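*Asks:* Take this structure, written in structure tokens, and hold onto it; I'll ask about it next.
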Amino acid sequence: MSQIKLIVGLANPGAKYEETRHNAGEWLVNELARVFNVTLKEEAKYFGKVAKINTPQGEVRLLVPTTFMNLSGKAVGSLANFYRIKPEEILVAHDELDLLPGVAKIKQGGGHGGHNGLKDIIAALGNSNNFYRVRIGIGHPGHKDLVASYVLGKPSPSDQPLINVAVDEASRCVELLFKEGIVKATNRLNGFKA
């Protein structure tokens, strides 16, 4: 079982997007930064905001790419190459249309499900999809033609608190992962519903 050395929160950059559903991955990394009392700082060579946290498993880097979503692989690839971090040592937090608000799940591998951030990361890691994901449920608008505007919109007043609770629980499960490993963290988070 490899340990996690890099946690990535997928997002689009800028104030215009920070409260949109597509930025749910960033919300998780921001929460981890708050819990570990670190500040994410822009680092141009990694095309993102970066912080280092010390965990029971050793040093872990937090990353929020400052590229647009469809270029997320540039940031992940740069940092992973520099620190020689393998795909299976990476945890990517992202918004998930196929899960309801209030639900978040950890999984390893799989396709990108049309998520442009995941698609670019898979390409940047030499077509490896073997990294872990924290899938943060945002719900589905009901039709594929509505997806683009849906993910770039803000959650409804009823969905936002549910997503927040799921992000908080996901953060606690990442802390559990550092202490007791990915299996325990996965079992706890995958059984959770707000």
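Even glycines carry a Cβ here, placed using N, Cα and C.
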*Asks:* For the tRNA site that Swiss-Prot assigns to Tyr17, Phe68, Asn70, which of the candidates Asn37, Asn116, Asn127 is also assigned?
*Replies:* Asn116
*Asks:* Through the lens of DSSP with three states only, how would you label Asp95 (site 'Stabilizes the basic form of H active site to accept a proton')?
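*Replies:* The residue in question, Asp95 (site 'Stabilizes the basic form of H active site to accept a proton'), is strand (DSSP, three-state).
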*Asks:* With the tRNA site defined by the record as Tyr17, Phe68, Asn70, Asn116, how many Å span the farthest pair of C-alpha atoms?
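*Replies:* Result: 16 Å between the two most distant Cα atoms.
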*Asks:* I need the most crowded of these recorded positions: Asn12, Asn70, Asn116. Count other C-beta atoms within 10 angstroms of each C-beta and give me the top one.
*Replies:* Asn12
*Asks:* Quick one: give me the count of other CB atoms within 10 A of the CB of Phe68 (tRNA binding site).
*Replies:* 16
